[in-house]
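A.B. asks: Annotation source TrEMBL lists domain 'Amidase' at 75-556. Taken from TrEMBL, the feature active site, charge relay system covers 124, 199. What TrEMBL records for 223 is active site, acyl-ester intermediate.
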């Protein structure tokens, strides 16, 4: 019996390995086909000014494509060639989309040129494209390709965009690193010892590496904003219901685990990532069109408000440089201080603002939503599969029996409050043990949103300027510091639009000041954060901009102002 059990386990592991090898082989074959197609194009057209095309901002590139001074074919193959180079260095692509050549032919037959005519676009692994897998880095998702394009992909194509690649993600999407056992670890293009962030880390690495000019990610706790911060990009997490997509196979499999796949009090949002704020605005303008509203009637028919985005009226800006939960590194707080001064000098009114009860939000609202069942549904997706090393701390916490978690909570109780709250992560968080508790939990989130909006309105704020986690962590550290994402997580709980803008880089002075960093408690978590961000001189430093729900245009307006002032400096 023992021998039979050993053989059975070995056969199971062998089957898993075979599935992963097939998936990797399929990806490698796709890379070879694209490389061959690029080579053939180069032989036919040898005079392409690659650097000139790649350096064009999105608005200029769309202009040249619309007027015909650049052809979509030339642009597509230029970006494909660059993508081959970047993914070889960073492992950011999960798969090329060979149907991009068919879409190239399709847009040239369209009577009207869409707002994104001829623009190559990359999409995150779990955004459905017909004929391709939604893997989420899980072996269970390697069997059935999607039968239909998601709504988002349909709208992109209608607007003339050419989806050409799907990017890598962390396993199950529940990590802000970017690696999985099937397709491996994605690296930060600026420093290969550092992570690109997650879970839209493949998007971050690809765009920061110079291609594409526009990508689509998703965000449940910072999954657009953290890669944007780590990779020096602009990224927008809209109000969750403003952009939607049709569910795919992997979303159905993940069920309660992937909060992108069903209604939840902390919803997942789709959003754009790009090199500048104008690109984000153009993408939102293109997506918020009649095609989107007709394909998905649950999306409110609110077109992009260009007047708000283009306004030059002074703003009343709330600001803070720490949320009181996890003290961020000195360079991130310096960035907020410098931007605050620049905005004030530019004629905007700056008002101190303090977000209420972040400890309560982090432990009782956010984590309790994601792990209401103690993580049991999440653990199910790893059954019969391999857990990526970066996820093992969370998985091992979830495996602790309920009685063990209660005992752990009792042991931690005598410790000082902040340490207790930091430790109250997946291992010790209370669960919703009944339907009534679940409804009460949803109600508590609504009560908090009302409280937050009341404080915002009391100060008569237009927008808020605040920090974002960064600079880029050393690979492997995000899995050890789940609770460090409080700066981004807050605006998922609130469902406010929030965006990230790079404003500076880490200096030698920042690195010296980091040596004195003690956090709030000088505890193991503060020391781990210090180790995670060390050695980051020259890496991007960003700030976060926030607006009230459905005011994406106002959020982008502040982001544009911050970007302009930072570039002038």
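Going from the start of the chain as shown, residues are counted 1 onward.
Glycine is treated like the rest: Cβ placed from N, Cα and C.
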A.B. asks: Write down the Cα-Cα distance for the residue listed as 'active site, acyl-ester intermediate' and residue 124 (active site, charge relay system), rounded and given in Å.
C.D. replies: 11
A.B. asks: Within the domain 'Amidase' (75-556), what mean pLDDT does the predicted structure show?
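C.D. replies: Over the domain 'Amidase' (75-556), the predicted model scores a mean pLDDT of 90.
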A.B. asks: Roughly how many Å separate the Cα of residue 223 (active site, acyl-ester intermediate) from that of residue 199 (active site, charge relay system), to the nearest whole number?
C.D. replies: 5
A.B. asks: Restricting to the chain of residue 199 (active site, charge relay system) and a gap of 6 or more, list residues whose Cβ falls under 8 Å of its Cβ, or answer none.
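C.D. replies: Same-chain residues close to residue 199 (active site, charge relay system) (Cβ under 8 Å, separated by 6 or more) are 124, 169, 170, 173, 174, 175, 176, 178, 217, 218, 220, 223.
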A.B. asks: When you measure from the Cβ of residue 223 (active site, acyl-ester intermediate), how many other Cβ atoms are you left with inside 10 Å?
C.D. replies: 34
A.B. asks: What is the number of other Cβ atoms found within 10 Å of the Cβ of residue 124 (active site, charge relay system)?
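C.D. replies: Cβ-Cβ neighbours of residue 124 (active site, charge relay system) within 10 Å number 27.
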